[in-house]
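S.K.: This is the structure I want to talk about, given as structure tokens.
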Amino acid sequence: MGLEDERKMLTESGDPEKEEEEEEELVDPLTTVREQCEQLEKCVKARERLELCDKRVSSRSRTEEDCTEELLDFLHARDHCVAYKLFNNLK
């Protein structure tokens, strides 16, 4: 057994498929729950209002209107759902 073989044994198992299994990618439960909550009817409606406001504001060259209220409504609806579901997914 040569020096190169010993290094290979110390640094890797030699089987790429086995290494991939060992390195499972962790998924943030917050991201998953947020995506699920964004599909609910209340969040979909709030997002639609936000997108309409964004189009309206973007189409004007001069306006004092912003979409702060619509953004906060959407985030409130989504985060209300997330707060209810998130802790059920934690281990």
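Here the Cβ of each residue, glycine as well, is placed from N, Cα and C on the backbone.
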S.K.: Taking Swiss-Prot as the reference, C67 is linked by a disulphide to which residue in C43, C53?
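M.R.: The record-listed partner cysteine is C53.
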S.K.: Could you identify, going by Swiss-Prot, the member of C37, C43 that forms a disulphide bond with C81?
M.R.: C37
S.K.: Reduced to three states, what secondary structure does DSSP give C53 (disulfide bond)?
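M.R.: SS state of C53 (disulfide bond) = helix.
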S.K.: For C67 (disulfide bond) and K42 (N6-acetyllysine), what Cα-Cα distance in Å is obtained after rounding to a whole number?
M.R.: 18
S.K.: Which one is it: of the recorded positions C37, K42, C53, whose Cα lies the shortest distance from the Cα of K85 (N6-acetyllysine)?
M.R.: C37
S.K.: Between C37 (disulfide bond) and C53 (disulfide bond), what is the CA-CA distance rounded to a whole number of Å?
M.R.: 21
